[in-house]
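The structure appears below as structure tokens.
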Amino acid sequence: MNSDANVDLTEIAKFEAIASRWWDMEGEFKPLHQINPVRLDWITDKSGGLFGKRILDIGCGGGILSESMARRGAHVTGIDMGKEPLGVARLHALEQGVELQYQQMTAEEHASQTPDQYDVVTCMEMLEHVPDPASVLRAIATLVRPGGRVFISTINRNPKAYLMMIIGAEYLMKMVPKGTHDHKKFITPAELCRMGEAAGLLVRDMSGVHYAPLSNQFKLGKNVDVNYMVEFIRPEHG
């Protein structure tokens, strides 16, 4: 691995340690399984359907979103820097008979090899785990074809997000392992939009993602105080 790679080895180690439980619907990754249908439908709707489209999933982990997009007929490539999560992703896809590709590399490395190749690029809950999120946005702008869509989800940085994602989710409700998140690495919507625009992408839409404890489900909403998703487009010209 390039020593200059945009990778935090401590962050990688967190997910390596629990990768074997990635597809355990009641384990540490239960929130990802619960939130996936909401994300998948949003991405599908905004993309005008996924069938036949070339999609790159950056920071794919164990393949929850990657595999679900492939099931909808997309040609999916998932990339991640975690060896163990990718091993889990490959095995699960093989067991389920789902065709897609997984590669161990950074977005920047992939961009140097395959520019302008993807109709859709997704990057879910990954930017808050890398040292230089703006570098990832620049790589994404290179990877997506002109006119293509980009979907990014991350966590806002404010006291409410700290209370809900760290105190609440990690310590009180124990929805995710302690130490999963670092509040300093959270990204405000304004910061994310600026990064995207600096990379040459245009903001198309934004939505909050909210957990409803009574129904134990996630839903979309206008409030972007905590979890949120942004849709970008790469302009056809310029």
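Including glycine, each Cβ sits where the backbone N, Cα and C put it.
Remark: Asp80 (S-adenosyl-L-methionine binding site) has Gly59, Cys60, Gly61, Leu86, Ala89, Tyr102, Gln104 as non-local neighbours, by Cβ distance under 8 Å and separation of at least 6 in sequence. The annotation S-adenosyl-L-methionine binding site is assigned in Swiss-Prot to Arg39, Gly59, Asp80, Met124 on the grounds of sequence analysis.
Look at Asp80 (S-adenosyl-L-methionine binding site): DSSP puts it in a strand.
Neighbour list (Met124 (S-adenosyl-L-methionine binding site), Cβ cut-off 8 Å, at least 6 residues apart, same chain): Arg39, Asp57, Gly59, Leu65, Phe151, Ile152, Ser153.
Counting every protein chain shown, the number of other Cβ atoms lying within 10 Å of the Cβ of Arg39 (S-adenosyl-L-methionine binding site) is 24.
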